Amino acid sequence: MIVALKVKRIEMGTVLDHLPPGTAPQIMRILDIDPTETTLLVAINVESSKMGRKDILKIEGKILSEEEANKVALVAPNATVNIVRDYSVAEKFQVKPPERVEGFLRCPNPNCITNDEREPVDTVFVRESKKPLEYRCRYCERTVREDQIRELIRPS
């Protein structure tokens, strides 16, 4: 039997695997990836023996740091990061929720200073707990739960 790859291999870069279906676009925003400047291979809602369905994001030519990759845990807590060199996986690790999240989440409190258009203040959230995953706004102390994070990601 001949097996064909649906998504081509990359020579050097980062592969984010085991992403919940439909999360690849949000992850691109979290990582501040500009698809007009980066070669990307995005597979959305593909079959997975582990998850049933999943997304895969291949970022060619860019090795994500562990700190960058850990931001992915906000929407994909079981994601796997594969660092690829010379078409082979050189490193592999699971993401972990970051201690601090800056700039790309919006505070749900409409009265928070970060939501005042006259004040150019970026959001800063500090992790309060891992299970359940919760973050607290540094400015207004509002808590953000894991189930709220996806809807609070700022559009690019």
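Including glycine, each Cβ sits where the backbone N, Cα and C put it.
A quick note: this is a predicted structure, and the numbers were derived from the prediction, not measured.
Copied from Swiss-Prot, the annotated features are:
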| type | residues | note |
| --- | --- | --- |
| BINDING | CYS107, CYS112, CYS137, CYS140 | Zn(2+) binding site |
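The structure, with features from Swiss-Prot marked on it.
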residue: CYS107; record: Zn(2+) binding site; CB count, 10 Å: 21
residue: CYS112; record: Zn(2+) binding site; CB count, 10 Å: 19
residue: CYS137; record: Zn(2+) binding site; CB count, 10 Å: 21
residue: CYS140; record: Zn(2+) binding site; CB count, 10 Å: 16
Assigned conformation of CYS137 (Zn(2+) binding site) - DSSP reduced to three states: strand
Three-state secondary structure, which DSSP defines for CYS107 (Zn(2+) binding site): coil
